[in-house]
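Enquirer: Take a look at this one; I'll ask things after.
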Amino acid sequence: MKLITILFLCSRLLLSLTQESQSEEIDCNDKDLFKAVDAALKKYNSQNQSNNQFVLYRITEATKTVGSDTFYSFKYEIKEGDCPVQSGKTWQDCEYKDAAKAATGECTATVGKRSSTKFSVATQTCQITPAEGPVVTAQYDCLGCVHPISTQSPDLEPILRHGIQYFNNNTQHSSLFMLNEVKRAQRQVVAGLNFRITYSIVQTNCSKENFLFLTPDCKSLWNGDTGECTDNAYIDIQLRIASFSQNCDIYPGKDFVQPPTKICVGCPRDIPTNSPELEETLTHTITKLNAENNATFYFKIDNVKKARVQVVAGKKYFIDFVARETTCSKESNEELTESCETKKLGQSLDCNAEVYVVPWEKKIYPTVNCQPLGMISLMKRPPGFSPFRSSRIGEIKEETTVSPPHTSMAPAQDEERDSGKEQGHTRRHDWGHEKQRKHNLGHGHKHERDQGHGHQRGHGLGHGHEQQHGLGHGHKFKLDDDLEHQGGHVLDHGHKHKHGHGHGKHKNKGKKNGKHNGWKTEHLASSSEDSTTPSAQTQEKTEGPTPIPSLAKPGVTVTFSDFQDSDLIATMMPPISPAPIQSDDDWIPDIQIDPNGLSFNPISDFPDTTSPKCPGRPWKSVSEINPTTQMKESYYFDLTDGLS
């Protein structure tokens, strides 16, 4: 029975030792965190007995540790306020001092929460950047007057050293004190020099019983007593301290709690990736990897990404590393040596290993798992093809053929517009089958009658699609009710731009015409049978380039609701003359653009609106900015600007 009781007590003790405090990042605007910062800032201001109070600017980092007690570890920025310490006001009642005259700082603190309203400062360190302060000049007009000097002046060192020694020898305090910060210094030229120096001191861990004077082993105590001293010293012409007086005020340290300690027996802990204890472990790991790998060449550890160790019945290492293929083959080398260099274009492996080490048996048991990262290779690009362009070869169906290299590609308008936005209605008659038909030869005639009110009539071949021609004869006739033949450009929402001269015009249908749906363009092609139509080709060669049509047709009103971005782009595009039959880039195939590729994926102008937890909101604005006066004039581009 006693044995069972002892085992139960031991298990409970081990369980209590293995409990680890849970730490988590919290919002910098948390209410309890603000109370902890308030306690830390009041603690700091209470130790400053002569200057102005510091006011919170904002909290930059915050972590909450929950265990037997709750602790807040945080960083916060402060600015000097306009309230003196002796004013009796809290820092919340103070305003920021002028930026040119105010000191700033950053503090790191750990505060324990004892109850819902009680917060105790465990540790705190503040780095204060003083303001410019009074101007220090090399010469004054007033001879013999008291003038401020820099607190970093080397002339102050012997006086400060003497002052600290004088304080430690003439006080009843059990510990030695050391210099903390020089706050102000003044000097007066007489028959020698008069100095008046104000500085702060702090208690150290060196007691007077064990140390007669300060040594490098003496360190300041955060929970120790602090003080502020003002020394008056006279240095004669022999640079000796002829007279010295000192006035010091001591402020006892209070309300100190020890920071939380984390005890986790057997928990994994991180170790440096270049730790010497990993050398033997990594050697056995790469040996195990090469023994299990069937590759022709040896692999070598390129870099260690992360390493952890856990104390068990021995030690267990968890290592993440990258292995690279070397130039040493397994056939010509019995083992991996230091002279084996990694291949520049070799294969890489992303590996994680668990290595169990039993020191008293001098045994190591490694287990390695690797995933290939791929092989580095060089790819040839066609000349002029941008490396940043994302593309893929279009899928070739039975009904389509690859376009010849000399065929140029012209953009096509989208014919599937919303008919509700037009002034009139659009009628379309189609004959054919369900699939789109593509012809290498044939005569496709498109007849359109503009009635002046947006009524449009189109005849084509194919079910829902216009007939596509390679190098056939494409005749387009444009007839007005007034029988007036105009080479114009009708801007009507829902139909394509028509370029015409007089009664009709033979156009090269070998240019890729497609239906523009989103960003997808269907490529059509010509057949080798186009040699059977010499008359059409001869007529096309003798015809001059098509002139750029005017933007607006006389007598036709253009409404902005019918105006599209593509209308402006297509209108301003110059005519594309037929490319030469033979070209140096004939071997470059037509590449279908990936609509989801990088070149067509617009990058967002603004980041995501998810607001981070830290840093928090400023306590008070340093300077109020009027958004109505600070906003710059923005220029909004309207497509109507293209009409002017």
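Just so it is clear, glycine is given a Cβ too, placed from its N, Cα and C backbone atoms.
Note that the structure is a prediction, hence the values are computed from the model and not measured.
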Enquirer: Swiss-Prot tags one of 52-85, 120-153, 188-221, 562-595 as region 'O-glycosylated at one site only' - which one?
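Expert: Feature region 'O-glycosylated at one site only' in Swiss-Prot: residues 120-153.
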Enquirer: So one of Ser46, Ser332, Ser339, Ser528 should carry the feature phosphoserine according to Swiss-Prot; which one?
Expert: Ser332
Enquirer: From the list Cys328, Cys370, which cysteine is recorded by Swiss-Prot as disulfide-linked to Cys351?
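Expert: Disulfide pairing in Swiss-Prot: Cys351 with Cys370.
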Enquirer: Looking at Pro252, Pro383, Pro554, which is the one Swiss-Prot tags with 4-hydroxyproline?
Expert: Pro383
Enquirer: Between Cys83 (disulfide bond) and Cys370 (disulfide bond), find the distance joining the two CA atoms and give it rounded to the nearest Å.
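Expert: That separation, Cα to Cα, works out to 64 Å.
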Enquirer: For the disulfide-bonded residues Cys218, Cys229, which one has its C-beta crowded by the most other C-beta atoms within 10 angstroms?
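Expert: Checking each of Cys218, Cys229, the winner is Cys229.
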Enquirer: Can you figure out which of Cys107, Cys126, Cys206, Cys267, Cys340 (the disulfide-bonded residues) comes closest in space to Cys248 (disulfide bond), comparing Cα atoms?
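Expert: Its closest listed neighbour, by Cα, is Cys206.
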Enquirer: Far apart in sequence but close in space: which same-chain residues, 6 or more away, have a Cβ under 8 Å from Asn169 (N-linked glycosylation site)?
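Expert: The list for Asn169 (N-linked glycosylation site) is empty, so the answer is none.
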Enquirer: Quick one: what's DSSP say for Asn169 (N-linked glycosylation site), helix, strand or coil?
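Expert: Once the DSSP labels are grouped into three classes, Asn169 (N-linked glycosylation site) ends up as helix.
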Enquirer: For Cys145 (disulfide bond) and Asn48 (N-linked glycosylation site), what Cα-Cα distance in Å is obtained after rounding to a whole number?
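Expert: Here the two Cα atoms lie 28 Å apart.
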